[in-house]
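Features as listed in TrEMBL:
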- 10-19: compositional bias 'Low complexity' (COMPBIAS)
- 28-57: compositional bias 'Basic residues' (COMPBIAS)
- 304-360: domain 'Tudor' (DOMAIN)
- 1-64: region 'Disordered' (REGION)
- 111-132: transmembrane segment (TRANSMEM)
- 152-173: transmembrane segment (TRANSMEM)
- 233-254: transmembrane segment (TRANSMEM)
- 274-294: transmembrane segment (TRANSMEM)
Amino acid sequence: MQRPRRAKADAASLALARQLESEDARPRRAAAKPRAKSPAKPRAKSPAKKSSAKRAAKQPTPAEPARAALATLLFAVMACANYMQHHLPQPVPRAWYDETGRDMGQHEIELRAYLGVWVYLTAQILLVLLVYHTLSVVAATTGNYEAQAHAAAPACLGLGLVVYGLFFFFYLLMRCCNPTWRDQWTYHESLGVPYERWMHLMHTPLWLCPLLDVLGVKKRDVLVRHVPSPVSILAAAGLYTGFYGALTSLNFAWTGAYVYPWLYDIDALGYGAFGHVAYYAALSCPVGAVFMACRKWILRRGNAEFAVGAAVEARWEDGNWYPGRVSGGGPGGYEIAFDDGHNEANVPAAHVRSAAPARTAKKSAKKAATPARVKKELPAVGDHVALALDDEEGIVTKVAGGWISVKLDDGTVEKFRSTELRY
């Protein structure tokens, strides 16, 4: 009985593979013809080449010392602002009163009885930003915790803007309306303390230091790579708002004093704890909006409307749009990993849009793969193949992990992806 043709082919392939593996790799000919490489379609690197590229990328660039110096300076400014917050003039009883006649000096003393200055929003955010700038210095000088430092940038910048915005609003209110609680500043200034200047020096770093950190210390491409998702950003805004609400309520249970006068008005509405929960839930909305605006601005600075990992559609050469995910970004555009397995670099922002909704799934199914990029079956050991970018040919010696080892005509063995070969 005659043996099947496929079995014969497999036996021949196995014999040829054993013969090739037993041969010693010969050196490449000195006069080998150089390969023409297309700049738009670079050859995928083997793992060894990737590791060497990583080592080269880790080498410090000339800008690194400047980044580290600026990060250290911003840390020093934030540390000074924290020092000022903890050395404010102490409240004095019977020094100033509100419109109801309440002794605000005594009120401040009672308010700080358990938590001290940590009951104030400014003190908490200054501490958060001090930790953030410490992490930034470590990342800029040693390269450690770089991902964490870059991922925290949108939320920390948003926190600083929110708190400084509240301060500046009340400062304008004092300047324009001269309310009774302005007497606190007036009292300290009458004793020779530059209280107003002190408050500006303490609050200005809240927004200035994180902004300069994003502009001068953080790297645009790393920011885009590690920017948090919208869900994470909104969760951070809600988490901090809830934390501050719980801390304020706990301090009130201990001392019977609120930080802000309108919290007494919420009590007067008669809704009890529900009124305060509703207040802080509503407060998390504008805070989350500021966080999201910071995130969007950071992405736009990095020429990336979409963060790494976002589901998108990219326009191919034929004018059609194909699904994929953002795998990277930079000044030249996006890196897109298409759903069919093909990767494309430097895709212009104008050629990338949000993923199509579910209603277009049927239409997208007809165009699931980019033209000429339909996933092919991997060749077998012993098959003759040719390089896609030139006419050099070779024989497959090994197929493993998506890489195809090919012994070229000049005797060298190199690894390729299936998209780099014709067979």
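Numbering starts at 1 and runs along the chain as it is shown here.
Glycine residues also receive a Cβ, built from the backbone N, Cα and C atoms like all the rest.
Automatic prediction, not curation, is the source of TrEMBL annotations.
For the transmembrane segment (111-132), same-chain residues at least 6 beyond its ends with a Cβ under 8 Å from one of its own Cβ atoms are 75, 78-79, 81-82, 85-86, 88, 91, 149, 152, 156, 159-160, 163, 166-167, 202-203, 205-206, 209-210, 213, 244, 247-248, 251, 254-255, 257-259.
The average per-residue pLDDT of the prediction over the domain 'Tudor' (304-360) is 75, rounded to a whole number.
Listed by sequence, the residues of this chain that lie at least six past the ends of the transmembrane segment (233-254) yet keep a Cβ under 8 A from its Cβ atoms are 111, 113-115, 119, 121, 124, 154-155, 158-159, 263, 273, 276-277, 279-281, 283-284, 287-288, 290-292, 295.
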